[in-house]
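Student: One structure, pasted below without further comment.
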Amino acid sequence: MPIIKTAGIISKPNSTAAEEIVPKLIEWLRRRGIAVRIDEQTSLYSGGVSGMPREEVPQSCDLVVVLGGDGTLLSAARAIGRREIPLFPVNLGGLGFLTAISIEELYPELERALRGEHRIAKRKLMTTEVIRENNVIASFDALNDAVLTKSSIARMIDLDTYVDEQFVCAYKADGLIIATPTGSTAYSLSAGGPIIFPSVPAICLTPICPHMLTNRPVLVPETSVIRVASRGPDESVYLTIDGQVGTPIREHDTVVCHSSHHSLLLIRPPRMMFFDVLRQKLKWGER
């Protein structure tokens, strides 16, 4: 990682922990000659430092510190977009599966990161496009997943699904989760999907409550192009990206998902390994 000249800070809203940390963190960085850019939420905790829209924070940054939970990290990832700037995620939330650095570890681990004594985990992004009448009307990059669900009342939806032009099936279910390896430990896991090691080049199709005993989750290569078309009435289906943004899907729209050429860079302490986090955060393998 290059020398850190400018660092960004993105924070969780309404967080007493962030309110306590932010002024000290800004001062800590400035004492080391590092310029600081903060979002408008963080400015509320800063004691007078002006903020900017979250999407502008990563501009000119060499590193972005994220103070919050996994939801804050997903929001920060969306703000960073395709810039591939390292994120230093500090857990102020609950589970904190991705934001696995604790408050107590903040300054020691940040000091190590500034010295280059850290590990960068690359998490592949997934591009999702909505095609309507042969035009791309919406495009998103997902870290975790793209989820197609019924938009309102409790009813099943019909989703014609293809992988590389090969017909998979017509899912009749509450929805369909298209998950990256990173997203395999999120919504997909709750819906019965497998845990995928982060470096495995795959995409997982996990139906939500399918009305068919044989509709099990399916892994496909990350080189695959997945196409899903709704057969329901207009706007009976909703597409959600990483649980935070989305758009209604009309009948005959096609949702196309494929692996992006870009990755999210997560700073990890050298000792922090995937299965350690599984055991600590998800109690995986406990008896």
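Keep in mind that glycine also has a Cβ here, set from the backbone N, Cα and C atoms.
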Student: Taking Swiss-Prot at its word that Asp70, Gly71, Asn144, Asp145, Lys172, Asp174, Thr185, Ala186, Tyr187, Ser188, Leu189, Ser190, Gln244 bind NAD(+), choose the one of Arg82, Arg155 listed for that site.
Tutor: Arg155
Student: Which of the binding-site residues Arg155, Asp174, Ala186, Ser188 has its Cα closest in space to the Cα of Asp70 (active site, proton acceptor)?
Tutor: Ala186
Student: What count of other C-beta atoms do you get within 10 angstroms of the C-beta of Ser190 (NAD(+) binding site), across all chains shown?
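Tutor: Looking across every protein chain shown, the total is 11.
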Student: Can you check which residues sit near Asp174 (NAD(+) binding site), meaning Cβ under 8 Å from its Cβ, same chain, 6 or more apart in sequence, and list them in order?
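Tutor: Listed in sequence order, they are Thr149, Lys150, Met156, Ile157, Ile208, Cys209.
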Student: For Asn144 (NAD(+) binding site), which DSSP three-state class applies?
Tutor: coil
Student: Among Asp70, Gly71, Asn144, Asp145, Arg155, Lys172, Asp174, Thr185, Ala186, Tyr187, Ser188, Leu189, Ser190, Gln244, which the record lists as binding NAD(+), how far apart in Å are the two most distant Cα atoms?
Tutor: 30
